[in-house]
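A quick write-up on the structure given underneath.
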Amino acid sequence: MMLGAVDTVMLSQYSDNSVAAVGVVNQLIMFAFLIFEVINIGTSVLCSQYLGARMHKNMVQVVGVSLILNLVFGLFVSAILHYGATSLLSMMGLRPELMEYGVSYMKIVGVFAFFQAISLTISASLRSANKAVYPMMVTVVVNILNIIGNYSLIFGKFGMPALGVEGAAISTAFARGVSMVILFVILFRKHIPRFPLSYFCPFPFVELKNLLKIGVPSAGENMSYSFSQVVLTYFINMLGNEALATRTYVVNIVMFVYLFAIAMAQGGAICIGHLVGERKIHAAYLLGKYVMRISILVSLVLSCIWALMGHTLFSWLTDNPEIIRLGTIILFIDVILEVGWAINIYATNALRATGDVNYPFYVGFVVQWSVAVGCGFLFGIHWGWGLVGMWCAFVLDENLRGIIFVQRWNSLKWTKKGFVK
């Protein structure tokens, strides 16, 4: 996620058109990466509960099966993104003046998508074992590497050729490859020294079944959200290049708020999974409420800071007055959106950690498509409110789902959904 944000910020010094094109590509790539979440979410939930219940063999089986499956999925996605780049971006309605940027970036980043598939699986297993510090350290190192690579290859520094968008893509792909290698080393040295063949002969189909039982509906909710964002990006593309570039800038600015909420959600969900595995249900319930409040508070404070700094931030990124004006307005509206986002990202992860995986999918699918997409088209396109209208629809979507998920958590209906009996 951060690599795409770094590319956007650094390409802003190259051209607004390159930012708009890469923004569309990253939306498609993030949607494709959600295929990996079918396995990763199941890995995180099962490993957390098995570790809480002291079921080490089952945990090793889950990680081994997950690595094999995501390698297969990763190679498949890599082929689709590389060879289907032009067709996919044409379907998105990317304008001719942006197509060259988009295709070159997507072909290079897409062909190495399997790096991300493996990295996400290893990171999920490490986090579930209370070893989240290692993925975090790898992320920091890789992002520094990507910044150096971008600076060298986009602008032609340190004796490197000035490749523009292609340079950003090469740097991102290389950084993801380095991330995968480092995470593999950490996995074997700090978490699972070996995968005994006896654990996988016969093949642990029970764990595969559990992975899919959790992963399919969980990833389905994520895919529904991401695909709805792809459709909304298509609508925004109809508004013009300035609206598309503004949306890309805003998403990457508030990414830092998202990252905090995601970190809180993942950390809290792992702790809840351990508590559920130990059958400490009341402790899991209280922890969920506490962490959710903290996540909302910090997200609100951070989003207010970004809103107040909006004009300055956009002035750093672009000299287009319309993008600066529109982006500043959107950041103030986004303050309200972040409240709902913080609740949703935490509640869905917490419910999944308990084994309650179907409810977030059903609610997400219905509300995302009826409110975010439906009202987004109504407000932004039909009524002519533009990007501001679409962001108002996003606010309604996130906060309505937030209210529903809080009620679900308080109902305690998730207490009977665990996988450890």
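Residue positions begin at 1 at the first shown residue.
Using the three backbone atoms N, Cα and C, a Cβ is placed for every residue, glycine included.
These features come from TrEMBL:
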TRANSMEM  20-41  transmembrane segment
TRANSMEM  62-85  transmembrane segment
TRANSMEM  105-126  transmembrane segment
TRANSMEM  133-155  transmembrane segment
TRANSMEM  167-188  transmembrane segment
TRANSMEM  253-276  transmembrane segment
TRANSMEM  296-317  transmembrane segment
TRANSMEM  323-347  transmembrane segment
TRANSMEM  359-379  transmembrane segment
So, does the transmembrane segment (62-85) come close enough to the transmembrane segment (253-276) to give 3+ Cβ pairs below 8 Å, pairs being at least 6 apart in sequence?
no
Near the transmembrane segment (167-188) in space but 6 or more residues beyond its ends, with Cβ under 8 Å, are 3-4, 7, 10-11, 22, 104-109, 111-112, 115-116, 118-119, 122-123, 125-126, 134-135, 138-139, 141-143, 145-146, 149-150, 152-155, 160-161, 194
Hey, does the transmembrane segment (20-41) touch the transmembrane segment (296-317), meaning at least 3 C-beta pairs closer than 8 angstroms, sequence gap 6 or more?
no
The answer for the transmembrane segment (20-41), taking Cβ pairs under 8 Å and residues 6+ beyond its ends, is 1, 4, 7-8, 11, 66, 69-70, 73-74, 77, 80-81, 88-89, 92, 94, 98-99, 101-102, 105-106, 109-110, 113, 116-117, 120-121, 124, 165, 168, 211-212, 214-216, 218-219, 222-223, 226-227, 229-230, 233, 237, 241, 244-245, 247-248, 251, 352
